[in-house]
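See structure below.
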Amino acid sequence: LLLRWRRRSGLWRKVEQARQRQERSLVQMDMAARSFREQHPSVNMVSILSLPLPELSKKLRDGSLPPEHVFYAYVGKALQIATETNCITEYLQESETQLRKARLTGKLGLLYGVPVSIKDSIDCEGHDSTLGFVKNLNKPAAEDSVLVQVLKRQGAIPFVKTNVPQSLISYDCKNLIFGQTCNPLLYTRSPGGSSGGEGALIGGGGSILGFGTDVGGSLRFPAAFCGICTLKPTGNRLRYSMNSLLWSLPVAAAVGPMAKDVESLALCMRALLCEDMFSLDSTVPPLPFNEEVYSSMQPLRIGYYETDFFTMPSPAMRRAVREAKQLLEDAGHTLVPFELMNVDYVIFNFCVRGVFADGGASYLRKFKGELEKGSVGLFLQLAKSPNWLKTVLSWIAKPFVRAPKESLSQQPWNSTSTPLTTSVFPPQEFCHQFIAQWKKLNLDVMLCPMLGPALGIGYPGKLSVAVSYTMLYNALDFPVGVVPVTMVTDEDEEELKGYQGYFRDWWDRTLAKAFRGSVGLPVAVQCVALPWQEELCLRFMKEVETL
């Protein structure tokens, strides 16, 4: 007991030290921004912050806007948003040194002088990548991830790291170390996760370009909840340090950009898909950005669906797809209904059973010795229980648990299971069937719902089943982007009173509560393309955004 008490006391000291570092970071940002304003009182910070990324980048590269003005404008704004939402975990003070050296390099990359924010889990040399775990504190990364290295070679200046949920397996944004991050549009709402700190910072205007990761919607939830755009590329189109992932995943992990508009995402992809990315990581295919595809004006043949028949869409979600469909048809594109089948089977058998195919043993190891288990506490208790008890509980839960019969009749909890087989992951057969249906309809891209509006803080932890709209495209490893297209109206709110869901179970009732009181919050759609067609995906996103 004494040893346990001493160990827990040591962990709490580490937490307190991390919180003090976070406070010092905000003080350093305040001092830096205030000092710059005092020395340059005539600089119009508001006009700098209002510039879209393509225009800002152009001004930085042609010398009409000094990088120092842009950097400190965003440091000041980021500090304001961090104070309001608790989205920043650390200020990268070496960014000021990088700023001073920027002009000496000679070569001006596409992102020259652009301050960028980085998700906690992406390695930056000399800084922790905690993933919300206390055990990862005071373990700074030995080197920058490939992504950060390429950003720096393109002239970008990483200046802050942002908050994540514990373990990243959540679409909320809370951990014991840094606490809860709030949505900048409404503080009682979640910013989404796991790239929630990025979503809050960019959505509030404190960063013009940020980077997160996505294994089940971790880029797309924050973008949709905070009213910004993002692109989840094909898993291997971009690369970052994979050491920070929890375990081998049955779905493709991706790293991608987040920004206020689609053109900013396109500029970012142009910069990243360069020789530096291909040479630093030889597993990344050498596919430069295809400008011809992105700039094409040819009419598109677009598949669409309004629901996955697993998670009933909110009235605003359904309306968002219908309105986008109508606008696209009016613009001369062809819209084709797409019949989506077996989403529940894919989610449970490939994603859930794939992640926990060893009975949750590897997941348990990551939480061993942690002070807080967050919203996964119940699952961890189940994973620790003996196999006979898991079997009994699975039979008791059968009438109440939302899962396909085939999934429930098998035991996904056996901690002595044999190594993973193709029957568990990857879902090649389903992927081939999906692509075959896509080809049969001769589609270019797909228009899909995106969960929204933003759920109240705490609800994502209760509603893990609602990831069905996003995780499908991680299982398929398709590039997919999110574009905000509308806002919740009073009519949507009134229609929500009749929301019952497809299963009329506890999850459906909880989701209905989570959607309520959302008038004025943004609602997005997903834009999907086939693997390795990020440029076509961005072109479709741009069309939706413009219309």
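Start at 1 and count along the chain as shown; that gives each residue its number.
Cβ coordinates are placed from backbone N, Cα and C, and glycine is handled just like the others.
Mean pLDDT, taken over the domain 'Amidase' (73-538), works out to 89 on the 0 to 100 scale. Residues or ranges marked as domain 'Amidase' by TrEMBL: 73-538.
Around K119 (active site, charge relay system), the C-beta neighbours below 8 angstroms that are at least 6 residues distant in the chain are K161, T162, V164, S194, S195, G197, E198, G210, F211, G212, T213. Taken from TrEMBL, the feature active site, charge relay system applies to K119 (among others).
The Cβ neighbour count for S218 (substrate binding site), using a 10 Å radius and every protein chain shown, is 33. Residues or ranges marked as substrate binding site by TrEMBL: L168, S194, V215, G216, G217, S218.
Under the heading active site, charge relay system, TrEMBL lists S194 (among others).
What TrEMBL records for S218 is active site, acyl-ester intermediate.
Once Cβ contacts within 10 Å are tallied over all protein chains shown, the binding-site residues G216, G217 are led by G217.
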